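Participant: The structure is given below, and queries will be raised subsequently.
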Amino acid sequence: MQLDQLKQVSDVEWRIAPFGKMRVPAVIYADQALITEMDDKVFEQITNVATLPGIVQAAYAMPDAHWGYGFPIGGVAAFDADAGGVVSAGGVGFDISCGVRTLHTGLKAEDVAPLKQRLADRLFTHIPAGVGSTGKLRLDAGGMDAMLRGGARWAVEHGYGSEADLDRIEEHGCMAGAEPGQVSEHAKRRQRDEIGTLGSGNHYLELQEIVEIHDTKAADRFRLRQGEVVVSIHCGSRGLGHQIGTEFLRQMVIAAPGYGIDLPDRELACAPIHSPVGQAYLGAMRAAVNCALANRQVITHLTRKVFADLLPGTHLSLIYDVSHNTCKEEWHTVDGQTRRLYVHRKGATRAFGPGHPSLPGELRDIGQPVLIGGSMGTASYILVGTEEGGTRAFSSACHGAGRSMSRHQATRQWHGRALVDELASQGILIRSPSLRGVAEEAPGAYKDVSAVVEAADRAGLARKVAKLKPLVCIKG
Amino acid sequence: MIAARWEHFPHQADMGVRGVGPTLAAAFEQAALAMTAIVTDLDWVAPDEAVGIRCEAPDSELLLVDWLNALILEMAARHMLFSRFEVSLDGQRLHATAWGEAVDTQKHQPAVEVKGATYTELKVVRDESGQWLAQCVVDV
């Protein structure tokens, strides 16, 4: 990105003053190296977001921002419904409520080491991953609607996990306001047999070792101990979410002129929150959030079964579950005024600081765990929300490394088999139904996740707590 | 004579599909081939089973996105891959048949699932030589 079009506010904050039809400024959080490498499309997209009706304060881009659809991936924007604010299907994205959850195993890396191969094989067999894979659950019409209303709570009620899990999930595992009636039959058809599946692309299930602790106090509260093994699951709302995204994007593109909205880019398709299309989308999107929460809950159950078979007595407890493609109704203070806003986070993680009422009792005084996924061979991080984050980007942080190279370039540069062997020599076992898929997801095709996390930490968006290194990766 | 062909074009996180042909229908068929080629090698997919598809849109660009999304829905809901397409257009109405087979992980080694066709880099145009081009980015 050309730096001369930005005003540098600090070593990790860059500002674009409103020009053209922008209603608010745009702010990018990144260090000089990250912003220099950032695609020019991020500039174009984040300034486009700033033109949308009812946008509040500024349009934000996180340190992992890259070229997305309408919104950049790593984009955050909040809208006030009563000031003509909009909800945007493009601002949430296709994989609604895609997110990460991380579980304690309580096991030490050296205890897991002799069983690594068997764990990798068993997890790969028992957790459906990749194109065309199906779960064991089949939902009829009534079951589908109950799942879309209940989310992870529905899964727990059906024997997948425990009540204690729900405390550690955003919205307590169940997004209010879901309207299964707004979800099309096509979307439900895509989901019939997809509950409990990882999907493909950058989705994964990993065993990871905690290799560094950066913040002892928060690590203690999250019960993170160096040398211990955790499980992280990255996936979303599967076919149902994709279909809802597809259908509402089209509906909003066609409806926008009727609402007097001039779209600078069709992918920014949106509708006023106070409109039939806006309300229908919110009802459907919230149902998709529940679908993603139920999906991660069922996968958690499958993972626990594998551990129970191979390492009897192991208890996998949930540290936290975050969603990074959402639009949520939240209260935020803007210019000293508390306002109810619709916060879009597309490839961005919510990062509530200490004291936030939505946090479970045992985490309330320390802040929300913020889970940042890496790519196959690289590190993941656990951060914690900060108080000052509330004054920056509506308590949001990055979500991962973000691609730096297209899939095409990646397959030209790496071969799946060689990559699997190379990672194995570093002690990282990969299991995937597709070697080309592995090459497309090569760690080198992503930005340096450590640099992204460092920038988020320095910008005060969230604070580093622990670094995780992959041991086993099941790729979709 | 314009030869029908397809290609991919890069997008940072995802993939662009481009179909070129002597007619708009041919360009649409080629764009569909490009989409399957994101998932697997076209030669590995036997065109054994036929599926009918219909859609309608206010303009040709939206129609291209609708066509690809209709295929994505059939791929996902039927767990199929398609390797042969026949499209006919009547104004902004599309009738098509797609031929393919059930996904077989061993045989097809599917690299990635296509989530949806997008309006990014969306273009349906006829150039001076008369050839049609239909393209957009698909989210994977």
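Positions of Cβ are set from backbone N, Cα and C atoms, glycine also.
As annotated in TrEMBL:
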BINDING   A:Asp95, A:His203  Mn(2+) 1 binding site
BINDING   A:202-206, A:324-325, A:373-376, A:Ser380, A:399-402, A:Lys475  GMP binding site
BINDING   A:His234, A:His324  Mn(2+) 2 binding site
ACT_SITE  A:His399  active site, GMP-histidine intermediate
Participant: Which chain-mates of A:Asn202 (GMP binding site) that are at least 6 residues away have a CB under 8 A from its CB, listed by sequence?
Facilitator: A:His234, A:Gly373, A:Ser375, A:Gly400, A:Glu441
Participant: Of these binding-site residues, A:Asp95, A:Asn202, A:Leu205, which are close to chain B by the rule of a Cβ under 8 Å away?
Facilitator: A:Asp95
Participant: Through the lens of DSSP with three states only, how would you label A:His324 (Mn(2+) 2 binding site)?
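Facilitator: A:His324 (Mn(2+) 2 binding site) sits in coil per DSSP, no helix or strand.
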Participant: Could you tell me which three-state DSSP class A:Gly402 (GMP binding site) falls into?
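Facilitator: In the DSSP reduction, A:Gly402 (GMP binding site) maps to coil.
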Participant: Cβ-Cβ under 8 Å from A:His324 (Mn(2+) 2 binding site), same chain, 6 or more residues apart: which ones?
Facilitator: A:Cys98, A:Gly99, A:Val100, A:Arg345, A:Gly347, A:Ala348, A:Thr349, A:His399, A:Gly400
Participant: Within a 10 Å radius around the Cβ, which one of these binding-site residues has the most neighbouring Cβ atoms: A:Asn325, A:Ser375?
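Facilitator: Going through A:Asn325, A:Ser375 one by one, the largest Cβ count within 10 Å is at A:Asn325.
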Participant: Distance between A:Leu205 (GMP binding site) and A:Asp95 (Mn(2+) 1 binding site) at the Cα atoms, whole Å?
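Facilitator: Here the two Cα atoms lie 17 Å apart.
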Participant: Are there any residues at least 6 positions away along the chain from A:Gly402 (GMP binding site) with a Cβ closer than 8 Å to its Cβ? List them or say none.
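Facilitator: For A:Gly402 (GMP binding site), the qualifying residues are A:Asp64, A:Ala65, A:His66, A:Ile73, A:Gly74, A:Gly347, A:Tyr446, A:Lys447, A:Val452.
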Participant: Sort out the sequence-distant neighbours of A:His203 (Mn(2+) 1 binding site) for me: same chain, 6+ apart, CB within less than 8 Å of its CB, listed by position.
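Facilitator: Result: A:Cys98, A:Ala129, A:His234, A:Cys235, A:Gly236, A:Lys475, A:Gly476.
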